[in-house]
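Can you read through this structure? Questions will come right after.
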């Protein structure tokens, strides 16, 4: 199976399955001399971890171990290998799915492509794989922090509910990573309603990056916004991405969408911090549309591996929504893209 690596200069390869012994990531290209301890990675993993009140009850501690690439608390420039052991695997919950295709999942497409599939929670296609991405993103965060770049993701829509205000300090005060406390409370009530109904929901995650210098990105086929979109679309539950004004720009006039230039910089940021594929120096802003979790207890129609009709009600430990756990995953993917581009040739300074 190809496709488990991401990045060019700051390059990662994730490995492992949802119900295997462990999962992890190898990071190649991280510069030497960056202070890095397990606690730096653990903080981000805690934000994604299952077993919390509004997420899957699967009780994974997600303790990371650094196997290589760090000596005396700093990176050495050699490949960094991180491992997270699976501690709460219950493959028996999935036995009845061995011969049934789950609607909305990759069961059938994996089998059509490879002739075999891991039915224990989806194997590589499981959201559990994203723990490795978050671990890698934490390393990228340490690298970028030394260059003044800060990346933050948060929920702006959930099950049809939208934020009406933005308080950056509120993001880490609620389980949805939502900048609007009132909206977060409504989201929590909605989770309980959907859980009782045996259904699920999606939402929208926004990611913003502050402190990015102008000049990141390459023209034509390696544009910064193209790489950001591809990175976010690689997350399993993401079905759409927009940068800056995004799809709203289609309804604007040119005079409304253009970001006027002033002696002090840009007067607005409809471009989302990227023009012609190259960063402008403004905040980079991207949004990801997240689909509902397909594993629901509400009865659904499907077929088994013999093509026979089946009514399926999925049991097991599942989230009502990929939000909030997908929020740090989207954050990690943007961190990885920016770290990669920061290692490209530096922008030419104006003389």
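Every residue, even glycine, has its Cβ placed from backbone N, Cα and C.
Found this in Swiss-Prot, in case it helps:
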REGION    39-60  region 'Disordered'
BINDING   48, 53  NADP(+) binding site
BINDING   124, 125, 126, 276, 291, 292, 293, 294, 295, 317  FMN binding site
Can you tell me whether DSSP puts residue 124 (FMN binding site) in helix, strand or coil?
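The residue in question, residue 124 (FMN binding site), is helix (DSSP, three-state).
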So among the binding-site residues 48, 291, who's got the most Cβ atoms within 10 Å?
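Highest number of other Cβ atoms within 10 Å: 48.
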Quick one: what's DSSP say for residue 291 (FMN binding site), helix, strand or coil?
coil
Just the number: how many Å between the Cα atoms of residue 293 (FMN binding site) and residue 48 (NADP(+) binding site)?
16
Out of 126, 295, which of these binding-site residues shows the lowest number of other CB atoms within 10 Å of its CB?
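Lowest Cβ count within 10 Å among the binding-site residues (126, 295) is 126.
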Restricting to the chain of residue 124 (FMN binding site) and a gap of 6 or more, list residues whose Cβ falls under 8 Å of its Cβ, or answer none.
1, 4, 17, 118
Rounded to an integer, what is the Cα-Cα distance in Å between residue 291 (FMN binding site) and residue 48 (NADP(+) binding site)?
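Pair distance, Cα basis, whole Å: 17 Å.
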What is the total of other Cβ atoms whose distance to the Cβ of residue 293 (FMN binding site) is within 10 Å?
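Taking all protein chains shown, residue 293 (FMN binding site) has 23 Cβ neighbours within 10 Å.
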From the Cα of residue 48 (NADP(+) binding site) across to the Cα of residue 295 (FMN binding site), what is the distance in angstrom?
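On Cα coordinates alone, these residues lie 19 Å apart.
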